[in-house]
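Taken verbatim from TrEMBL:
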- C261: active site, nucleophile (ACT_SITE)
- C132, A133, A134, P135, G136, G137, K138, D155, D188, D206: S-adenosyl-L-methionine binding site (BINDING)
- 30-334: domain 'SAM-dependent MTase RsmB/NOP-type' (DOMAIN)
Amino acid sequence: MTYSVQFGDLWPSIRVSLLSEQKYGALVNNFAAWDHVSAKLEELSARDFVNEAISHWELEPESGQSGAPSPASWACSPNLRCFTFARGDVSRFPPARLGSLGVMDYYLMDAASLLPVLALGLQPGDIVLDLCAAPGGKTLALLQTGCCRNLAANDLSTSRIGRLQKVLHSYVPEEIRDGNQVRVTSWDGRKWGELEGDTYDRVLVDVPCTTDRHSLHEEENNIFQRSRKKERQMLPMLQVQLLAAGLLATKPGGHVVYSTCSLSHLQNEYVVQGTIELLANQYSIEVQVEDLTHFRRLFMDTFCFFPSCQVGELVIPNLMANFGPMYFCKMRRLT
């Protein structure tokens with residue numbers, strides 16, 4: 001009932017897509033023999049949607065822009081390779097295998113989950129925080145960029161942290177995992193502003209949400225159970241607290257990406273706008289939303305985007321490109 005009001009004529013198509021089999025992307029593990037892995041995925045007729053989009057963009061400067069360099073804020077996080085099957089192709093990837101270097105070849109994930117990491121625009125030497133890191137797909141992607149001088153991966157849930165550790169163990173070499181590059185913690189993310197204020201260059205805040213697609217297919221511990229009603233109603237408040245903590249943990253001038261896998265504007269745009277207001281009023285901190293229109297144009301061949309978000313971008317499930325939902329919004333802390 002809620003979404004038919006929010007999405008109008010688009011809702012029947014989104015609904016049927018959510019109920020249909022989801023599409024995956026194969027994130028190439030750069031710690032494996034990545035060139036060999038990429039060649040194998042190409043043999044399956046999959047394509048690297050990230051590099052295809054970026055090289056396409058570089059070849060065709062927008063008219064009127066005639067080869068002018070793109071603003072720095074447009075830069076995607078580098079070194080990410082993720083293969084998907086073309087629109088309308090519902091082939092499945094075979095399960096990932098252990099490669100010759102002792103780590104897994106690729107990681108299967110909803111390809112839309114990579115967009116928040118790409119949007120964060122990591123640069124070499126960045127100090128990075130993944131505030132709600134489990135089960136670990138986005139944390140792994142952050143490490144794949146090769147940009148993290150230090151990466152703090154945090155999640156309040158110790159059982160979910162177990163899943164994150166397992167992903168790191170299977171995909172990341174021991175010297176990186178156990179060196180001082182990655183720190184895994186299980187603290188209350190809402191307190192991060194007090195714990196490590198003004199510290200990070202880039203922060204990913206991928207908050208707990210109603211996980212709309214998952215909730216349709218999974219009865220166990222479902223967030224829409226009657227017993228969890230109060231918890232569900234409190235989600236936007238928790239999301240605001242987490243995003244505020246993420247912004248407080250960012251250095252002035254640093255960037256934050258907020259993301260959810262929900263369609264609900266109460267958990268998406270409203271949270272972003274509410275948090276920006278809260279920081280202005282309570283902390284006199286100015287936060288600016290970055291425009292991601294170019295980003296939507298860059299990846300519109302792979303994903304279906306909702307055309308009218310107030311802030312940020314939303315990938316909506318579509319039978320031809322059944323990824324998402326995935327909302328993401330990029331912010332810059334100015335003061």
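Note that Cβ sites are derived from N, Cα and C of the backbone, with glycine treated the same way.
Mapped onto this structure are the features recorded in TrEMBL.
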{"residue": "C132", "record": "S-adenosyl-L-methionine binding site", "Cβ contacts under 8 Å, 6 or more apart": "N154, D155, L156, G189, V205, D206, V207, P208, L242"}
{"residue": "A134", "record": "S-adenosyl-L-methionine binding site", "Cβ contacts under 8 Å, 6 or more apart": "D155, S157, R160, I161, R163, L164"}
{"residue": "G136", "record": "S-adenosyl-L-methionine binding site", "Cβ contacts under 8 Å, 6 or more apart": "A153, R163, L164, K166, V167, L168"}
{"residue": "K138", "record": "S-adenosyl-L-methionine binding site", "Cβ contacts under 8 Å, 6 or more apart": "S113, L114, P116, V117, D130, L204, D206"}
{"residue": "D188", "record": "S-adenosyl-L-methionine binding site", "Cβ contacts under 8 Å, 6 or more apart": "L156"}
{"residue": "C261", "record": "active site, nucleophile", "Cβ contacts under 8 Å, 6 or more apart": "D110, S113, C209, T211, D212, R213, H214, G324, P325, M326, Y327"}
Hey, what's the widest CA-to-CA gap across C132, A133, A134, P135, G136, G137, K138, D155, D188, D206, the S-adenosyl-L-methionine contacts in the record, in Å?
20
Overall pLDDT for the domain 'SAM-dependent MTase RsmB/NOP-type' (30-334), taken as the rounded mean:
93
